[in-house]
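For reference, the structure discussed in these notes is given below.
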Amino acid sequence: MSHEVLEFDVVSASLTEKAKTDGAELIWDRQQAMKAKCGFGDKGLCCRICAMGPCRISPVEGKGAQRGLCGATADVIVSRNFARMVAAGTSAHSDHAREIATVMHMSNKDGNYKVKDVGKLLNLAKEWGVETEGRENDDIAHEVAEIALNEFGKPFGTQRFITRAPEPRQKLWKEKNFEPRAIDREVVTLMHSTHIGCTGDADSMLEMSMRTSLADGWGGSMIGTELSDIMFGTPTARGTEANLGVIEENMVNILLHGHNPSFSEMVVLAAEEPEMIAMAKEVGADGINLVGMCCTGNEVTMRHGVKIAGNFYQQELAVLTGAMEAVIVDVQCIFPALARLSDCYHTKFITTSPKAKITGSTYIEFSEEHALESTKTIVREAIMNYANRDRSKVLIPQAKSKALVGYSVETVIQHLDKVVNSHTDVFNTVKPLSDVIWAGVLRGAAGIVGCNNPQVKHDKSHVTIMKELIKNDVIVVTTGCAAQAAAKAGLMTMEAKELCGRGLKEVCERVGIPPVLHMGSCVDISRILDIVGRVAIERGLDNSDLPVVGVAPEWMSEKAVAIGTYVVTSGIDTYLGVTPQVLGSEHFTDMLTNTIEEKVGARFTFEEDPVVCAQLILDRMEEKRDRLGI
Ligand code: XCC
Ligand code: SF4
């Protein structure tokens, strides 16, 4: 087994040694067994869209097949494969959002789901023209939820949230026909267009992908975030800890992994029930230790401070500690490998969603109608499993870092209010943030997001880029597994200000924030769109004018492709640390990294070296500043 990929992470490296002893297979073993990657697939040149194929286009021009049986060129095949990734990514985020809207629609004051943030509900009701006077909150919530549900399938009109974007951006979308219509419709239309014999034009395929991606960012994802905040509370700043060291020797350890807070919130409530804690003590444990991973980990840490066991690549390592009573999952980013791995230990791998059943797992379906009872049943399984733990197999790495989390847009603004000059009197805006950017105290802002990917050293790209940027007075906001990398690396502490340039350090001190702000899960990238948009609006500009970038240093999922595409289409330059599978088409690659800028004022950059990537970002920010004359 090659451990080189883990060079950066000594904690995990010690566990991979243990895997050998325990006979457990990990991602790195499978990576080795896979040997060389498929050269056609790697360049996006393999098409298996119809049964005349699969067709593979030779990457060398003039040598080998240059067209599929139907005549599709490299450009067409690459663009269709890309479009399908955008469609799948958009469906994942959006279907998650639909589940949140569904539980909001069933909320009531006696049920398991109750509106937690009434203020946010009323604001959204107002934004959507829902009558609030003299109505019960539940009643308002149901109407708002119904409107949200209709955003998925309405036959006419465009996504409601696009009106939150700066005016010039909205205008551009309208002119270019990028305004996303119903979410399901965009996904279906895009899938339709990739069918054999439909779109045979890479430019058009990309444009359709861009519109669909906006149905994710300004549709599904934003609905997911807004409604989650209303139902489960808008995150506020709080402390937590991160890394595998949060797993406790003498507790019932439960790993919450996946994405949807309508499930994980209920598990948190179930685990807090006195009867559950008493039961854990009866079986000889000190209590219940819930720990989170991936975006579910982010959701529950943002709202409850639940400790973070780690990010995507650590899901197997958490089981490997031998101290995990149960891994409870819902949807997305869950290795099917966890089933086999759990068999090496006492760990119960519990799947709960009909959308993500996994062979070899214990399936206990989560029922929203009986949410709390349902999650209590699952937590009980974990508690009962404590007695089965084999202590001789336990190894918990003693590593964890403190982190401050919970920076929703509302919380960031509250912090900014603290530094508002009383004589200018503008509270409740992002003006102090835009002021320090304009003054040059901060050179810009970067949203660093996304997954882990064994093609690069785990967490190394995330952390390296973050450190380079904060050193150069660029404030970082982050979500997803990138946020967890930052938390583990100690970048979400007040002490991390010592790693910053003078300007950012001063901002951290005066505003009372760490230099890297945890904004939540990947659907919460909509929070980043929101805050960037507010700064642009405050200055009367478009997003593309600002010294602001998006970065996905270690991305791997289709969701990330959808995200990158909507971020660029929203006017924000995006840097990818893993090159997408598009290089087989020079034309398509040129569109993404170059000519797309003529359409939307932003482009992709592919750069796998994190230090070089950070420098490119800094140069771009200075270029934007020059253009603004600041
Ligand atoms: Fe999944 Fe969302 Fe990627 Fe992490 S960052 S590996 S998509 S959990 Ni979203
Ligand atoms: Fe081959 Fe065209 Fe069918 Fe793709 S759609 S598999 S290129 S014949």
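The backbone N, Cα and C atoms fix where each Cβ goes, glycine too.
Together with C47, C50, C55, the [4Fe-4S] cluster 2 site in TrEMBL holds one more listed residue from C70, C198, which is C70.
The [Ni-4Fe-4S] cluster site in TrEMBL is built from H259, C295, C451, C481, C522 plus one of C333, C344, C500, namely C333.
Within the set of binding-site residues C47, C50, C55, C70, C333, C47, C50, C55, C70 have a CB atom less than 6 Å from some atom of ligand 2. Per-site Cβ counts within 10 Å over the binding-site residues C38, C47, C50, C522 peak at C522. For the binding-site residues listed here (C46, C333), the lowest count of other CB atoms within 10 A around the CB belongs to C46. Close to ligand 1, meaning a Cβ under 6 Å from one of its atoms, are these of the binding-site residues C47, C50, C333, C451, C481: C333, C451, C481.
For the [4Fe-4S] cluster 2 site, the Cβ centre of C47, C50, C55, C70 serves as reference, and the other residues of the chain with Cβ at most 8 Å from it are R48, I49, M52, G53, P54, G68, L69, A72, I77, I196.
Taking all protein chains in view, 29 other C-beta atoms sit within 10 angstroms of the C-beta of H259 ([Ni-4Fe-4S] cluster binding site). A Cβ within 8 Å of the Cβ centre of H259, C295, C333, C451, C481, C522, the residues given for [Ni-4Fe-4S] cluster, is found for these other residues of the same chain: C294, N298, F312, Q332, G480, S521, S557, K559. In this structure, the binding-site residues under consideration are C55, C451, C481, and the one with the smallest number of other Cβ atoms within 10 Å of its Cβ is C55. Here the CA atom of C38 ([4Fe-4S] cluster 1 binding site) lies 22 Å from the CA atom of C451 ([Ni-4Fe-4S] cluster binding site).
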